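Taken straight from TrEMBL:
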type	residues	note
SIGNAL	1-20	signal peptide
DOMAIN	14-114	domain 'Ig-like'
Amino acid sequence: MPWVPALLLVFLAPVTQVSSNMEEDKLSVMRATGSSVVMDCDLTGSYIHWYKFQDGAVPRRLLHYIVSNSKVVLDSGISEGKYHVYKGTGKSYTFVISNLQESDSGTYYCAVWE
């Protein structure tokens, strides 16, 4: 039987939380299993958080980025090497998911809480 890579669907929905106002944009991305996906997030704050939402599951924070010292802090149970964050110019941050698997399908949010 020939091997066919599975495709997964990732939604990036950057959300900024300031008081109780929320703004949202969605971007649908499909990538082959084993590949990577790069998502940009434009926020200003001291801590940038990334969350993963999947249907029927509790939303999960994956990591947060400490702007003052450019440090990525993975949440409990998150494996090193899967997620990366890079500071761009201005208020731009790049979130990368490596070695995509079907279990990575979901909606991803970046957020800052001030």
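Glycine is no exception: its Cβ is also placed from the backbone N, Cα and C atoms.
Annotations in TrEMBL come from automatic prediction, not curation.
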Model confidence over the domain 'Ig-like' (14-114), averaged pLDDT: 84
Secondary structure content of the domain 'Ig-like' (14-114), with strand meaning DSSP E or B: 6 helix, 57 strand, 38 coil
